[in-house]
Every structure is written in structure tokens, then in C-alpha cells.
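Working notes, structure below.
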Amino acid sequence: MENKSEMINATTIEFKTSSAEGSVDFVNVFDLEKMAQKVIPKGAFGYIASGAGDTFTLHENIRSFNHKLIPHGLKGVENPSTEITFIGDKLASPIILAPVAAHKLANEQGEIASAKGVKEFGTIYTTSSYSTTDLPEISQTLGDSPHWFQFYYSKDDGINRHIMDRLKAEGVKSIVLTVDATVGGNREVDKRNGFVFPVGMPIVQEYLPNGAGKTMDYVYKATKQALSPKDVEYIAQYSGLPVYVKGPQCAEDAFRALEAGASGIWVTNHGGRQLDGGPAAFDSLQEVAESVDRRVPIVFDSGVRRGQHVFKALASGADLVALGRPVIYGLAMGGSVGTRQVFEKINDELKMVMQLAGTQTIDDVKHFKLRHNPYDSSIPFSPKCFKIRLIFRRPNQILGQFF
């Protein structure tokens, strides 16, 4: 028998969130998060912003961007360009939208508003299986803008085939198979808040007919837990679409995905929402990128809050960098305009970093060498890290200091 808290009738749930649409005045996305907390209902904000367990991994995701950026001058750089062409799609930036469930938790217009904002910015929109808006409406809003879909795989192959048929009919270009969320993480904030989804999930209604009023644990139990490489093979074969495997955090899992026919690897730890105590996603990126060795594209998310974070991810092997929570905060505060502004803000920061680092193009960024932070205790000591720092004490005197 289902838990009583999982049986709440959707009609009994009172839910009122933001209906904002317009320009938002904010300095950075950390400020934007504080602003959004005031307009998103407590339970919904807790679901969006919190992480698993003690939130160690959630905070490590941001802290991990500890590599040093060495400025470079005299490089002839002016007005750096973030524009790229990714598998035939011209993008304003390698910054894309990560799949985030239930946009209507943050704004009444939900995925329609976020899709409009992403389209106006000019990048890839990734729809979540747990979207609160159906596929045709999102596709219509996006028009010819690139549209990806994040797939939570059902236990029923017939339902999976039907969803894939719909994806092809709606012009979705790639499938992102999530493999790191076969069960729900220990989200204690949701438990304290008694959070249940106040809105339905039309895309997966065949295997989750009553998404509204359900806990996250219930939602995850409706999906297939025993995912294997055979599922990757089947999705690629049946859909004929590129399949990005979302969740590898080590070389072994990346290799397993490639062996199964993955067209790309999406490095993430689900924003620290699943396994607390795991490594920061940025630390995992470097290992995975080295093992993949540019055989397929790499997408990265988790902890990205600054343009310099995007720069460092690209310099560490990512081809695309995805934003999640910050976009939802922009959606809450300004609808489609707020969504677009978040991308513009971080992209402007990226351009500034590119200028100061002496990189004219995104390809230049990918060849930029980061310097490890020698004071970071999380990086094991190596003779290669044993450097000499030059200290000027007075004119014409240089002293060598070891560290």
C-alpha cells in the first residue's frame, strides 16, 4: 500500500507561485537565488535549492572550481566570441539549459517561459521527463531552436517506445538518458517540508498518471532501476537519435557508456541531489575527459554559477556547459526575460574571463592550461606540483621560495 503522504489528491493542493515576466535587476546568480527564495513557495524552493544528506557534495560542486586562471596579455584579443557550431547547430554560446523538473514550481508559465528565454538567447533547451508542460507546447515555443530531451526510462518498453516516437515527431535532436537517479537521494529538506509535486507531469503520465500530489520517492519508483548498457543500445537503435548518457563520474562508467554506443557523455552529480559524499562534478570532469579523449562530446553541469566556472569546465574537457538552478531562479523572478538574463549574465562573465585570459574563441579556451591550486589539500602532492615562486623584495633582488 502506498504511503498516505503519497496519496494526496491533486485537487486538495493549494499552490501559488510567481507569475513575474520582465527584466530583473541582479548582480550575480547568488543574489538571484536569495531573491527567488522570497517568491517561490517554501516547499518548492527547498526542492529546487537543496541537496542530499548533509549537502557536502552540493557545496563541493561550487568550491571545487579551485584551479588558477593565469591572465595573459599581449595576445591581440579583443571582443572575444562565444559563438560555436555544435553538431550543425549554431549556438550563441556553449552554455545550455540542463534538464530541470517542474518549471511551474517557479513560475506559472513554466517551461513555456523558459523555452522562450532560451530560444531568445540562442542555445540548446533540454526538456525534463518531469516537465510540467507537454512536449508539443515546448516544441512549438522553441520553433527551430535545438531541443534535447532528458529521459527517465520506464519499466515498460511499450511506454518507452511511445515516448521516443513522440520525441521524433516533435523534432527532438538528442536523448539524454539519466543513469544517476534510479532511486531518490536522501533529500531531508523535502521530508521536513512534506514536499509533494503540486502539478502533474504530462510527458510521463502513461507510467505516472497521478504525478501531482506525489513525493519524489514515489516518482523515482515508477522508473526503471536496473539500467544497463543494453538500455543505451536499445534507445539508440530504436530512436535513431544521438544518446547522451548523463551521470558518469569516473572513467570506468564513461567507458561503459561508450561501449554501449553513447554519442556523448554528460558529466554531473545531479547538482549534489543524489549521492552525498561523492566527488564534486568538476573533479570528475577532468578524469572523464581524459579517458574519453575527445572521442565524443562532453556536457558538464553541477555547481556552475560564474562565467569563470564555464571557462574552467571548457578548459578541462567539456564541450558544452549546462545551467540548472540559476535559470530557474531567473524564471521565478522574470519569466522568459529573467531566463534569458541569466544566460546573458554568465555569458558576459565568460567573455570577460576570455579577454583577460587571452582567448579569442571557445576553441582557444579549450586549449587553455589551468594551474592547480598548490594550497588545496584535496590535490595530492606530486613532484610535478613542486614549483618555485619568485618574490621581489627590492629592486634587482629576486628570492626563490619553495612551496
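From the backbone N, Cα and C atoms, a Cβ is placed for every residue, glycine too.
FMN is bound by PRO99, VAL100, ALA101, GLN150, THR178, LYS246, ASP301, SER302, GLY303, VAL304, ARG305, ARG325 in Swiss-Prot, and the record lists one more residue there from SER23, SER50, SER128, SER131, which is SER128.
According to Swiss-Prot, TYR152, ARG187, TYR220, HIS270, ARG273 bind pyruvate; the candidate from TYR47, TYR329 that the record adds to this site is TYR47. Closest in space to SER302 (FMN binding site), of the binding-site residues given as ARG187, TYR220, ARG273, is ARG273, taking the CA atom of each residue. On a Cα basis, LYS246 (FMN binding site) lies 9 Å away from HIS270 (pyruvate binding site).
In this structure, the CA atom of PRO99 (FMN binding site) is 14 Å away from the CA atom of ARG273 (pyruvate binding site). Note on proximity: of the binding-site residues TYR47, ARG187, TYR220, ARG273, the one nearest GLN150 (FMN binding site) is TYR220, by Cα distance. In the structure as shown, the Cβ atom of TYR220 (pyruvate binding site) sits within 10 Å of 15 other Cβ atoms.
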